């Protein structure tokens with residue numbers, strides 16, 4: 001006030017003060033206060049009658065009544081209604097003035113010059129002082145409005161000079177002591193109620209997902225609002241009594257209500273108000289609703305504040321709204337803290353869930369019960385159920401229904417299955433919509449099925465139902481019933497369970513996959529048992545073989561032994577005899593060996609060529625190769641692996657090529673990307689060895705057994721012609737120089753030798769005498785034609801070699817096959833094992849015979865075409881095996897078979913063949929070279945299924 005008097009004195013000295021008015025303009029200079037403004041009695045001029053004369057230079061100082069209220073009337077009203085202690089306080093606050101006239105003068109001056117007062121406060125008074133003044137003003141108004149209510153007056157323990165900042169600090173203090181949301185919320189409600197002076201209040205909790213569901217905190221009716229402890233329970237509010245609450249929550253703005261203005265919608269007076277007034281006849285007449293908005297913009301709580309006599313004013317709304325804004329910040333951080341704490345607890349909880357999942361993965365039912373037990377613990381539900389979605393039958397299937405919350409429950413419950421339509425009940429709605437449902441009152445929801453409650457006598461109150469999704473598809477529904485520590489499931493339960501449902505879905509999905517795999521494994525075992533029964537030799541066959549003592553007078557070392565002379569029983573005896581001759585029988589059981597041999601025979605399919613006869617022929621060829629190796633360059637385990645691999649190398653062959661298996665999307669091709677059939681042959685071999693009474697290696701050490709199996713696998717995979725060419729290339733490189741670099745001491749060289757030996761034995765039909773060769777080629781092409789028929793039936797055109805309508809392709813195909821594959825193979829085998837020369841020699845003779853046949857067929861075809869023309873061009877050299885042969889293609893393209901050193905499909909020149917001049921039967925021309933077909937006159941010869949044939953792209957008619 002001293003500063004204010006100095007300012008007024010400065011005005012009297014005509015000292016201008018620059019300030020701004022409320023509308024932003026610079027005010028005019030204020031004139032000094034003269035006696036003309038004040039009457040001789042000391043009364044301000046503004047209080048005199050309008051007829052009294054005013055100083056002309058003070059005429060512009062009168063404030064506009066449209067902007068400023070009549071402060072004289074306010075002051076008169078204040079004098080009329082103020083209490084005794086208020087007058088005393090005012091007198092004391094103005095005691096520093098010299099006399100009443102001076103007080104009147106200053107008050108009159110400030111009333112007439114409010115622009116100046118505003119400028120002074122804005123520029124000179126600190127903000128906290130202004131806020132303190134405002135708070136004191138609001139408190140005084142509240143006291144003056146309710147002079148007879150003692151509990152609305154400030155008590156000795158309350159400092160009504162506290163600012164909003166101090167209230168906020170009090171809320172933060174409570175937050176630090178107890179960071180629960182309800183604790184902070186109740187302190188906020190108490191601060192608002194105390195600030196605006198209410199007789200009682202109530203806090204409502206809203207559920208945004210359920211607009212008509214409202215709860216309120218239950219308070220102690222025996223205590224005044226200022227002394228109420230933090231409520232621990234919530235009750236559902238009567239829907240008819242919360243109509244205004246829902247309206248405020250929807251709009252998100254405060255609302256003042258009077259019983260006299262809207263008696264039909266005005267709610268009943270709460271019991272707490274009647275208790276606090278000590279009278280049951282009184283009732284509340286005025287309500288102020290204040291919403292508490294969350295960060296997302298939704299109303300989470302609504303404060304309902306009551307008065308019995310005095311209306312709520314705009315200032316009450318402003319005060320409560322201002323405090324709630326700051327309190328909402330504390331609530332927000334409270335939720336953040338609770339969320340972080342919940343996340344930490346959830347991490348520990350989910351870790352336990354994951355451990356339990358892996359422990360219970362063996363049984364789907366046990367896993368479901370285990371996870372449901374965790375889910376009940378998470379949300380503290382009394383009952384739990386899981387429904388799996390059966391889309392095929394449009395049903396929900398439950399094997400765990402109405403699981404009761406009992407921590408010590410033995411999960412080995414009786415398995416029962418319950419089925420219900422997918423469009424029935426709350427679980428069905430969640431399964432179809434994929435949305436979570438949190439229902440506080442089950443009986444108020446039309447989708448709730450009451451049949452279960454009526455049948456069991458159980459009372460369902462609240463339900464939390466959530467879908468279990470995998471890759472966006474609902475595979476199940478989890479339903480929690482009745483929260484044990486509360487009446488309803490809250491948002492926290494819903495959020496926690498949503499996180500848990502992700503792990504639940506993964507666990508359920510993988511458990512179902514595991515269960516499906518286990519079921520398929522059982523089916524596989526049953527199928528394997530059935531197949532083993534039908535693919536295993538009978539015991540009487542074993543006994544018949546063991547009892548047969550008739551000797552076999554056969555020279556098994558003969559490379560040219562005719563396999564067609566033996567029946568299947570004799571061939572099995574031959575296998576056992578050759579096995580006895582090659583290996584030490586003290587390490588083998590004869591009964592096991594016999595059973596193994598007979599079962600191998602039974603596991604060969606009855607296809608034209610790749611049958612047991614072929615397996616026997618290859619095994620015999622390997623026997624002859626091993627017997628010819630008098631130096632025994634292969635050690636014992638390798639010899640054993642080579643012989644067994646030859647016997648089993650085409651087990652369960654389907655009569656089709658690897659290429660055909662891949663093109664028809666065979667399951668075998670899906671299992672093995674390369675060497676499809678060869679991998680399958682090895683697996684069948686291992687399967688037979690693993691059957692009871694079939695492991696012929698049971699008496700050898702485990703180390704030797706593993707090594708032999710590895711050799712068998714290597715040998716069987718080497719029979720794939722796709723592997724032959726790289727092997728041939730590698731071993732040729734070792735013999736390229738004048739001095740051979742091949743060494744039997746090198747393990748990699750020995751592996752190459754085993755691979756070449758396997759290919760030579762597999763192709764041994766081409767090294768048999770001509771009569772045997774013709775029979776073999778006939779059954780080979782019968783198998784080729786079967787595949788060609790299937791390709792034609794599927795709408796594809798088979799290659800000429802497999803076309804039943806083109807038998808004339810056989811000689812040309814055999815020429816290419818022998819010259820391209822067989823001759824190079826036997827040539828290299830002879831370099832490694834010199835005593836295998838009969839195989840090379842006979843293959844060479846057969847090649848010449850096939851060439852002659854091919855030439856005759858081509859000559860006949862050319863003759864037929866030439867006879868239809870007017871002129872005929874003579875051809876020479878047909879049928880000459882020693883010279884270059886010129887042939888005409890089907891498309892009338894000339895193809896020349898060039899015998900010269902050239903690159904094969906693996907890219908290198910072939911070595912010179914070996915010639916035995918001392919044996920006329922095996923003598924071959926010195927000029928012969930193992931050559932290949934080349935592209936001549938535009939005709940390209942390609943390798944198809946191990947045979948050289950003319951490319952279809954080059955078979956075009958060309959007139960000579």
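Keep in mind that glycine also has a Cβ here, set from the backbone N, Cα and C atoms.
Sequence annotations record features per position, and here TrEMBL assigns region 'Disordered' to 1-31 (among others).
As annotated by TrEMBL, compositional bias 'Polar residues' applies to 9-25.
Summarising the annotation, TrEMBL assigns domain 'PDEase' to 534-857.
Its Cβ taken as reference, residue 612 (AMP binding site) is surrounded by 20 other Cβ atoms within 10 Å in the chains shown. Annotation source TrEMBL lists AMP binding site at 610, 611, 612, 613, 614, 650, 762, 814.
Of all Cβ atoms in the shown protein chains, 23 besides its own fall within 10 Å of the Cβ of residue 610 (AMP binding site). The active site, proton donor annotation in TrEMBL covers 610.
Annotation source TrEMBL lists Zn(2+) 1 binding site at 614, 649, 650, 762.
Other C-beta atoms found within 10 angstroms of the C-beta of residue 650 (AMP binding site) number 25, with every protein chain shown included. Feature annotation from TrEMBL assigns Zn(2+) 2 binding site to 650.
Annotation source TrEMBL lists compositional bias 'Basic and acidic residues' at 862-878.
Positions annotated as region 'Disordered' by TrEMBL: 862-887 (among others).
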Rounded inter-Cα distance in Å - residue 762 (AMP binding site), residue 649 (Zn(2+) 1 binding site): 9
Integer Å distance between the CA atoms belonging to residue 649 (Zn(2+) 1 binding site) and residue 611 (AMP binding site): 11
C-alpha spacing of residue 649 (Zn(2+) 1 binding site) relative to residue 613 (AMP binding site), in angstrom: 12
Fewest-neighbour residue among binding-site residues, criterion Cβ within 10 Å, set 613, 762: 613
Maximal Cα-Cα distance (Å) across residues annotated as binding AMP, namely 610, 611, 612, 613, 614, 650, 762, 814: 23
Neighbour count (Cβ, 10 Å) for residue 614 (AMP binding site): 23
Check: same-chain CB within 8 A of Zn(2+) 1 site center, minus 614, 649, 650, 762: 610, 615, 618, 646, 653, 719
PLDDT averaged over the residues of the domain 'PDEase' (534-857): 92
Least buried by Cβ count (within 10 Å) of the binding-site residues 611, 649: 611
Packing count at residue 814 (AMP binding site) (other Cβ atoms within 10 Å of its Cβ): 26
Inter-residue C-alpha distance, residue 649 (Zn(2+) 1 binding site) and residue 814 (AMP binding site) (nearest angstrom): 23
